[in-house]
């Protein structure tokens with residue numbers, strides 16, 4: 001253990017700060033705002049949060065918890081069940097927390113992931129009192145070397161009064177050097193972010209703060225949670241196939257080269273599977289400028305398809321995790337992890353010309369997308385970075401399977417019950433049925449393309465009927481307001497979006 | 001006339017291109033895509049478009065018309081009535097065209113104003129065949145000096161095969177030097193836009209193209225149309241008052257200095273009136289980084305409140321127009337006109353930290369905003385630049401009067417019938433009733449702030465009742481899907497959003 005301290009806490013004066021999780025947790029008091037590391041289950045602070053939950057059994061302890069994005073290790077669940085969370089910002093993906101949010105017990109502020117630290121920096125949200133950051137090491141100057149994610153850790157540590165560091169001995173020391181910490185200057189001194197290629201390194205490899213802000217260091221040996229995505233299936237393979245065909249044609253038309261443009265892929269099964277589909281494609285020398293790097297990133301590296309990947313975290317399945325982190329040296333010169341403010345920055349996304357691929361919970365006939373709210377009211381996870389990317393991308397693609405719940409739900413509906421991405425930001429919609437290229441189309445044309453290409457029967461015919469009747473009343477975006485949500489209401493009341501007649505016909 | 005030619009067409013070889021509008025119009029053929037100058041009724045091509053309408057009386061002539069934004073001089077009306085418009089991109093504000101769009105006769109592609117030329121440059125939309133650009137002059141090298149707007153003119157001229165120039169003798173030659181033409185490089189060579197202050201000039205004062213692309217020059221003497229905004233009234237003064245109080249407090253809290261941050265104000269009566277309200281404020285050394293510069297910009301200059309204004313066009317009332325353009329030298333060193341791609345660029349907006357002020361057609365209890373669609377279906381004007389600004393701004397403010405049609409419409413509804421800006425992009429909502437500061441709030445908290453601060457009775461009570469009943473069903477964003485649009489349907493059917501009982505009570 002002493003050796004680890006020397007390697008892992010290289011500024012001698014900080015070694016006396018090593019303490020227990022319980023003792024470290026006492027820096028957090030009731031009513032505080034706490035900023036924790038953690039982005040897509042990677043690099044989260046793992047033991048001090050649980051010590052907070054433990055404390056809450058004996059005393060009143062309610063906090064505002066800000067993170068990069070979702071946490072692993074049941075941290076959100078444990079904190080929720082202990083009643084510690086008053087507010088949660090800017091993303092989550094935990095079933096227990098989700099339920100508490102939807103009961104109105106935890107106030108969840110669902111934010112574009114690039115914006116949280118801007119709001120903190122300008123004090124448009126309450127300031128961070130304590131930051132709790134997982135690290136590989138603390139350097140000779142007291143700088144914090146993050147682990148498998150950067151997320152908002154750098155700005156949290158810089159902006160907090162006090163910083164608690166969790167040194168995680170299970171995280172490979174070889175990750176050091178992977179990170180590129182760049183913090184934009186305060187306005188009006190702010191300058192351009194000098195990233196002109198996904199490869200560009202523009203910052204430092206560790207988070208530089210005054211070492212005296214580090215009030216406690218806890219040594220941990222808990223691993224990151226693995227990703228919980230599902231493997232590719234027949235439908236995700238079809239979605240990938242439609243996209244590969246689409247991009248082949250873009251190359252043929254001379255709009256893209258065979259290295260395309262830097263790819264972003266949202267978290268989750270569908271985006272991961274679609275990206276994996278590029279292994280069997282004619283594209284070469286691909287690059288990524290994304291948030292989370294999932295299994296598919298490393299599959300593409302191994303297939304010789306991907307030249308470089310920039311992200312804010314690495315989140316892998318158990319098998320892939322063992323392969324990658326045991327051999328991280330093999331990938332290290334082709335990887336960079338950045339603060340989510342930079343990985344998701346509108347400036348860089350627009351400059352590089354990102355091809356953004358994100359998942360829709362549901363989409364409508366005009367190409368508006370709901371990424372977050374079940375039946376318009378109940379939160380799933382949050383908008384995440386999809387809005388940072390879709391608004392500013394070269395091309396915004398949204399993918400979904402056309403059906404859910406064995407066909408009782410059509411993912412394409414007359415009107416989405418919640419809008420996260422409006423038609424202006426949705427260029428391509430793709431399902432296993434097919435792909436709708438919506439670029440340069442007016443809403444009535446978008447409806448024809450989406451219904452014709454992306455929807456399976458009998459919903460296709462039901463949507464044609466809807467749009468035809470709506471169009472008789474005119475408008476740029478024809479709708480029947482009385483019926484716009486009738487599919488959602490029918491699903492809620494009958495467990496199926498199908499009309500009774502259609503359902504009978506289908507089941508016959 | 002010969003003298004004018006020498007001043008106005010300084011490259012001698014181009015003088016032989018001077019011709020009539022009718023002759024110039026013959027470069028446009030059926031099925032072509034035409035890019036015209038014109039942004040918010042300023043700097044539009046004025047005579048060749050009308051010659052196209054004239055031609056359509058005798059022959060089949062349908063085009064895709066792209067502009068900067070809205071046109072004056074009844075050009076959209078005349079082209080619509082002549083049946084010339086097959087497609088219209090990316091904005092319009094003409095009643096006759098609007099009707100044709102809503103009848104489904106003209107396909108209107110409503111785009112974020114910064115994006116149109118990106119889509120053209122990457123050939124994601126059909127290319128421009130002919131550009132028609134109003135100019136003060138053509139320089140010694142054949143470069144085109146725009147008039148009262150830049151809009152998309154530079155990229156249209158650069159990307160088109162053929163360029164027609166309308167030299168407008170009524171536009172002040174003193175406008176020359178006002179423009180700053182900067183065109184981002186193609187990816188992957190693209191570099192940062194080097195604007196670090198609203199004052200920065202980063203381009204050329206004229207649009208540089210190979211002179212041989214100029215196929216025709218037409219001399220015109222038609223003036224720009226004046227703006228058609230209404231003067232400030234009691235309610236817009238109240239809205240301005242709420243915002244001035246809000247900003248006073250931001251300064252007091254140390255979040256802003258008394259020069260605030262660069263202001264953007266959308267086109268129209270409310271934004272103009274609100275900005276004019278800053279004349280009687282304690283703020284000093286204000287700056288603007290906006291699209292259209294309206295009367296209020298020059299009122300603020302004259303009041304000594306405004307130091308510099310960057311825009312893409314100047315659109316003024318008749319009186320103000322006479323004052324400003326007769327004395328443009330007085331303002332010239334405090335003004336710059338940029339391409340709308342630059343005035344609205346996400347990179348620059350985020351870097352400078354714009355305070356964005358735009359108008360809502362309606363907003364809902366959670367702070368989603370409809371900027372475009374009446375009753376969810378019928379287009380008014382288009383989203384314009386509001387999405388470029390609101391997503392990337394330091395702070396996005398939306399303003400509306402709380403009531404319309406003498407109280408029969410509440411501008412705050414349970415759910416907006418069309419979403420242009422979702423809750424993630426709406427920081428402040430303000431009506432004449434008051435201001436809701438939504439920063440850092442979860443949806444249930446947003447609803448309380450909006451209903452409590454922005455809504456007049458009896459709608460306030462009706463909304464409280466809605467949200468209370470909806471909340472019983474739970475959710476991050478409680479709604480009753482069956483009732484969400486009931487106010488809109490009631491207005492459509494009874495000409496009032498009021499419940500019969502409320503209406504009776506109100507009229508009693």
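The backbone N, Cα and C atoms fix where each Cβ goes, glycine too.
Pulled from TrEMBL, these are the features on record:
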type	residues	note
DOMAIN	B:16-218	domain 'Acetyl-CoA hydrolase/transferase N-terminal'
ACT_SITE	B:291	active site, 5-glutamyl coenzyme A thioester intermediate
DOMAIN	B:324-466	domain 'Acetyl-CoA hydrolase/transferase C-terminal'
BINDING	B:381, B:385, B:405	CoA binding site
Neighbouring C-beta atoms (10 Å sphere around the C-beta of residue B:405 (CoA binding site)): 11
Residues of the domain 'Acetyl-CoA hydrolase/transferase C-terminal' (B:324-466) by DSSP state, where helix covers H, G and I: 54 helix, 36 strand, 53 coil
Neighbour count (Cβ, 10 Å) for the residue listed as 'active site, 5-glutamyl coenzyme A thioester intermediate': 32
Sequence-distant neighbours of residue B:381 (CoA binding site) in its chain (C-beta under 8 A, six or more apart): B:70, B:91, B:92, B:93, B:98, B:372
Average pLDDT across the domain 'Acetyl-CoA hydrolase/transferase N-terminal' (B:16-218), rounded to a whole number: 98
Annotated CoA contacts B:381, B:385, B:405, maximal Cα-Cα distance (Å, integer): 26
Distant-in-sequence Cβ neighbours of residue B:385 (CoA binding site), under 8 Å, six or more positions away: B:112, B:113, B:114, B:264, B:266, B:291, B:340, B:343, B:344
Three-state secondary structure, residue B:291 (active site, 5-glutamyl coenzyme A thioester intermediate) (per DSSP): coil
